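So the structure is just underneath, and the comments pick up after that.
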Amino acid sequence: MAISLTAVALLTTAVLMLSVELAAGYTFSSRLIHGFSDEAVSFWASKGKSMTWPKRESVEHMRLLLSNDWKRQRLKLGSQKQLLFPSEGSETHFYGNDLSWLHYVWIDIGTPNASFLVALDAGSDLLWLPCNCVQCAPLSSSNYSMLLPLCSLVFGASIMQDKDLNEYSPARSSSSKHLSCSHQLCELGPNCRSPKEHCPYTVNYYSENTSSSGFLFEDQLHLTSVGGHEHQGSVLAPIVIGCGSKQSGNYLSGAAPDGVMGLGPGEISVPSLLAKSGFVPHSFSLCFGKSNSGTIFFGDSGPENQRRSSFVSLDGNYNTYVVEVQHYCVGGTCPKQSGFQALVDSGSSFTFLPSEIFTKVVTEFDEQMNATRLAIEDFPCCYKASSQGLLNIPSMKLLLAANQSFVIQNPMFTISSGQGDNFYCVGLLPIEGMIGIIGQNFMEGYQLVFDWENMKLGWSRSKCQDIGGTAKVSPTPPPSGLTSNPLPTTEQQRNPGGHAVAPAIAGKATPKPSAASLLAVSWHYTMSSLLFSLVVWLPYLI
């Protein structure tokens, strides 16, 4: 008996009939219609969704078609290894204890552009800046003396003494726009009195009592492109910014005084929005050099010979960069049944292990080092070299899924007592629960690739080569009468299930369906699911 399965697929470029007949007598057919046609409107109406397209052959209709062409071109460039990085340059900076052991990068926002030194955080999603400040950290350069040498290089010695960190002002940027409560990225929209109100936000971080709150805006991020078939050039990318009028906790005491760039996989993050707009694939790399500097590149998939391990779900959801650690090794000892899950978080200065695992690791260090353990302030696992000689520091590595080894370049750091004594501390701390955190100290000497497109974490040893920016290069303007690279539309922000996509709250990003959940219970159900996916997504991919 022949079974026929028919589906309608919407395209922006063609009207076709597709029929596939299998040897077993099963026939599958798919009728492809224009994504912006009257028939497409009728199709969405039958699904309970109200859609309106510009009148055929109108200026608005042509703009819509042209915007899809631009997206296709950008996607093609992205597939040819085009990379993006901040217009100030790809170099990241590390200031140690002076700025809470985080890595930072200079970015330019708005029109005219203003510069901000933002902390890089792969454990959260939102890019927020101090803005219309009610409660913010001080921004005067007199509070951050370690920035002065950097300012002399970036901004010129003549203005070095006058260079302060910036406060974002939407009123001073002609490209700034309010994000309304009705927007798909407004998580707190249901709490607004009117859908036209300005969308508020609040982000709570893992650190106790640490948060940022204010309102969401759309503005332009200045980037530089390199690779593909184009020479190095300037790019203006639409992004969402948190106008952070009120900060609390660590953000008032030295951490990220000029804002945070969330790099998580949530829909509101910079990597996600760059991918949604078709500039580059949904991936980026962070390199952590041994000389207190590194690099960041958007769209980077890493070298072919890098090691890779898949991201795994957290509580059933794919919402952040979590990997499976099968077991650890200290020296030549690799205990069995020592596995755990770990969040890969560039915003965490140190590495945290579940308490039970931490105790076992510390015991191994005690047995293999020729020194007595002692606690130095908040660090419970420190050692002082004996008069007989240097410490015997064992190696350490994590074995991730697929038998991929992640060797820790330097598991220890030094603390000075102020009296000439140096103590060597293991860069590990205990954490409650069974989810650990791989922090910056374990990433040193590596380029890490966060490839959400393929759900992989990649890593390879690297010297972190910087590429200078093109801050003074003017971006190519769009054709007259057309807006430049708009923020992805509300419909483009919807997930396949049609649910609203909300900004993540520091590590609680939008869930991503498990790859396993796509397996159908039977082959004909699989085919119908794939055809339905074609219906939903082709208008935005073509």
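Including glycine, each Cβ sits where the backbone N, Cα and C put it.
Quick caveat, the model's predicted, so the values are computed rather than measured.
Residues annotated as signal peptide in TrEMBL: 1-25. TrEMBL lists 103-460 with the feature domain 'Peptidase A1'. Here TrEMBL flags Asp121, Asp345 as active site. Annotated region 'Disordered' per TrEMBL: 468-505, in sequence order. Annotation source TrEMBL lists compositional bias 'Polar residues' at 481-495.
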Task: Cα-to-Cα gap, Asp121 (active site) vs Asp345 (active site), nearest whole Å - done: 7
Open item on the list: Within the domain 'Peptidase A1' (103-460), what mean pLDDT does the predicted structure show?
Closed with: 88
Open item on the list: Suppose we draw a 10 Å sphere around the Cβ of Asp345 (active site). How many other Cβ atoms does it contain, all chains included?
Closed with: 26
Task: Neighbour tally for Asp121 (active site), based on other Cβ positions within 10 Å of its Cβ - done: 25
